[in-house]
Amino acid sequence: MASSPVTVTVTGAAGQIGYALLFRIASGQLLGPDTPVRLRLLEIPQAVKAAEGTAMELDDCAFTTLDSVEIYDDATAAFDGVNVALLVGARPRTAGMERGDLLSANGGIFKPQGAAINAGAADDVRVLVVGNPANTNAFIAASHAPDVPRERFTAMTRLDHNRAVSQLATKTGAKVGDIAKLTIWGNHSATQYPDLSHATVGGRPALEVVGDDTWVRDTFIPTVAKRGAAIIEARGASSAASAANAAIDHVHTWVHGTPAGDWTSAGIVSDGSYGVPEGLISSFPVTSVDGRWQIVPDLSVDEFSRSRIDASVAELVEERDAVQALGLL
Ligand SMILES: NC(=O)C1=CN([C@@H]2O[C@H](COP(=O)(O)OP(=O)(O)OC[C@H]3O[C@@H](n4cnc5c(N)ncnc54)[C@H](O)[C@@H]3O)[C@@H](O)[C@H]2O)C=CC1
Ligand SMILES: O=C([O-])CC(=O)C(=O)O
């Protein structure tokens, strides 16, 4: 086992996703079986007791990869020396809440957390924002961490990616492992664009294998984009285990790289590629090489894809302008 433990801080640790996520991190699934984890749980004071219960259960698993568990209700202490920050805790939308109220409430969480990461994170810090609205929350946090390279702030669209892979595999009768080069573009919201234009099924173009453009436009895209709402409707609570799984996948890929001949999707800072305004945190087709995300270059974008990407990016611009107007940047 590697000698020095890696510090992983999880916010919203006593929540649903936290409960599904912490045991997988502690058991080595995030960073590998040779990397001990120093786990830090950040919660609001009212939820610290519940986090203590989870920490007792983590102890009871006797994971060989778990170096220690500490609980915090203070962001500055929780992020001091952090290598991997998983920002899961967020303010959910409640009945009657306007969009501005939601952005404002989340600004109150992600602004100080960005500042705390800026103040104390390790030089190699990697940040994944899961809490919604994930892209804009990541944008807010990054804006308050001027000393951390902006590309270290990412937002999770891996769950959307995994959902899309699964839907395509089911439709074509292929194995999940036969699907490659699928992309989620834009925002982690109902405007996202799950794109099959470059996807392959067993090496063949996915659109050719499916052979049904109507299914792609009228079933596949809305099913993936609205899957979160469908889970809430069925379960009475939002996706938790699958969201935790996607967070593990995102960080694992970031650290260990993408398989040859494939890519994945992640919300990363735009460098202006594909007409996405520079600086926005938008989902792109990405590979991870030497521990850094890279946008897959030079993909053709047809008229339909262009309009779908533009629509989702327009929503990201609106969210950015709204948080700017609220003084959250
Ligand atoms: N990006 C994605 O694909 C997905 C994102 N989500 C989002 O993830 C977030 C968490 O979901 P759940 O775990 O189901 O929610 P939850 O409500 O069960 O847990 C959230 C936890 O965050 C904590 N929290 C609130 N403010 C905090 C702060 N300032 N610092 C630390 N902790 C804080 C709460 O006390 C609570 O324990 C939600 O915003 C949800 O919409 C959920 C599924 C997928
Ligand atoms: O809408 C939510 O809170 C859950 C969510 O992001 C998803 O399942 O994709």
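Residue positions begin at 1 at the first shown residue.
The backbone N, Cα and C atoms fix where each Cβ goes, glycine too.
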Further substrate ligand in TrEMBL, beside R93, R99, R163, within candidate set N132, N135: N132
Secondary-structure category, per DSSP, in which R99 (substrate binding site) falls: helix
Contacting binding-site residues for ligand 2, chosen from Q16, G18, R99, N132 when the Cβ sits under 6 angstroms of any of its atoms: N132
DSSP-derived structure type at G131 (NAD(+) binding site), helix or strand or else coil: coil
Residue among the recorded positions R93, R99, R163, H188 whose Cβ has the most other Cβ atoms within 10 Å: H188
Mean predicted confidence [pLDDT] for the domain 'Lactate/malate dehydrogenase C-terminal' (157-323): 97
Cα proximity to R99 (substrate binding site), best match among binding-site residues G12, A14, G18, Q113, G131: G131
Entries of A14, Q16, Q113, G131, H188 (recorded positions) sitting next to ligand 1, with Cβ under 6 Å as the cut-off: A14, Q16, G131, H188
